Amino acid sequence: MIVRIYPSEISGTIKAPQSKSLAIRLIFLSLFTRIHLHNLVLSEDVIDAINSVRALGVEVKNNSEFIPPEKLEIKKKFIKLKGSGTTLRMLIPIVAAIGGEVTIDAEESLRRRPLKRIVEALTNYGISFSSSSLPLTITGKLSSYNIKISGDESSQYISGLIYALHILNGGSIEILPPISSKSYILLTVDLFNRFGSNVKFYGNKIHINPNNLVEFQGEVAGDYGLASFYALSALVSGGRTTIVNLWEPKEYFGDHSIVKILKEMGATSEYLDGKWYVEAKDKYSSIKVNIDDAPDLAMTIAGLAAIAEGTSEITGIERLRIKESDRIESIRKVLGLYGVGSEVKSNSILIFGINKRMLSSPITDCLNDHRVAMMSSALALVNGGVITSAECVSKSNPNYWQDLLSLNAKISIE
């Protein structure tokens with residue numbers, strides 16, 4: 001797919017894309033209780049989660065209703081994922097808790113992602129692994145209810161262990177510092193407690209005392225990280241937008257911080273009663289911000305930093321190298337295509353903002369990374385541009401291009 005973008009000014013109201021982080025967690029909750037998700041958007045990552053719970057015995061009706069099995073067991077000996085890192089990293093400890101043997105594989109982008117920490121941890125508790133990367137055969141059953149794991153590689157392992165210890169009727173997790181993306185662990189803890197469980201997270205320890213979980217019926221709330229590209233598009237193009245279907249920002253949840261970050265850079269950016277109001281200003285300020293707790297915000301911040309006055313610095317970027325693409329290099333490449341300079345340091349990237357009228361009109365290949373396409377499309381609204389392999393947005397937000405059209409973006413899709 002090729003998308004051609006012409007100079008446009010964004011305006012209008014748009015519904016935030018559903019949170020894939022929340023959708024995947026809700027789908028995995030169907031291992032324990034009935035879940036009915038209204039109007040579920042079937043992004044590639046969500047489909048990976050659906051196929052995973054189906055392989056563990058969950059009955060799935062119309063890709064929206066999920067009925068737990070009487071007994072959890074591995075129904076399929078081979079689970080093929082597409083590209084969902086969240087699904088993969090949560091699935092590994094879950095199948096280890098159920099016990100048996102299963103092989104997991106995925107597309108090349110996921111094969112490149114490290115699994116070292118979860119393999120190291122579970123090897124100490126009765127699980128055998130064929131390797132520390134995909135394709136991966138997992139054999140055995142967790143032999144302990146008290147797990148130690150390093151927290152530096154991915155928070156998704158810890159979220160998966162919370163599910164695993166619910167399968168084992170309780171236990172504890174000790175996370176060896178540093179703890180990356182702690183807010184996503186807190187999201188999982190909060191979700192289980194909302195459904196009636198008893199999960200406590202103090203310092204670096206999580207204690208799980210399961211209760212019967214209540215059923216859920218409703219729609220998945222919007223995703224601040226994905227919605228931020230609509231906000232970025234409005235700010236870069238000189239427009240305004242209102243983004244709806246967002247839950248109230250939590251103090252702990254990193255992605256919500258984008259509302260405040262854009263405001264600190266000089267934009268009108270306010271949340272009120274489920275709506276995020278965004279309006280462009282004539283100029284934006286540079287910023288220094290640490291994104292270790294919310295790495296998915298890097299490209300939105302980089303996009304606005306490209307046209308901000310002065311030099312911005314995004315720190316805490318180490319884990320950007322193990323996303324769908326090497327996002328540190330992807331940010332540098334996209335910025336360079338638009339004529340914006342940048343410099344990578346040991347754990348930060350400097351972005352040297354320019355007047356937006358000086359932005360180039362390049363051709364950008366999305367590098368099989370949905371956020372590359374979204375960042376580039378926002379910058380292209382100033383002087384135009386072309387996105388190739390533009391179908392990559394289907395990983396998280398299949399409706400992205402149509403949404404831009406509804407916001408008065410001038411684009412053609414080939």
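Using the three backbone atoms N, Cα and C, a Cβ is placed for every residue, glycine included.
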Record-annotated phosphoenolpyruvate site (Swiss-Prot): member among K61, K182, K288, K395 besides K20, G85, R113, Q156, R327, R371: K395
Under 8 Å by Cβ from S181 (3-phosphoshikimate binding site), counting only residues of that chain that are 6 or more apart: S154, S155, G254, D292, D293, A294, P295, R319
In the chain carrying Q156 (phosphoenolpyruvate binding site), residues 6 or more apart in sequence that have Cβ under 8 angstroms from it: G85, T86, R89, M90, Y184
Whole-number Å value for how far D296 (active site, proton acceptor) lies from R371 (phosphoenolpyruvate binding site) (Cα to Cα): 8
K20 (3-phosphoshikimate binding site) versus recorded positions R113, D296, R327, K395 - nearest by Cα: K395
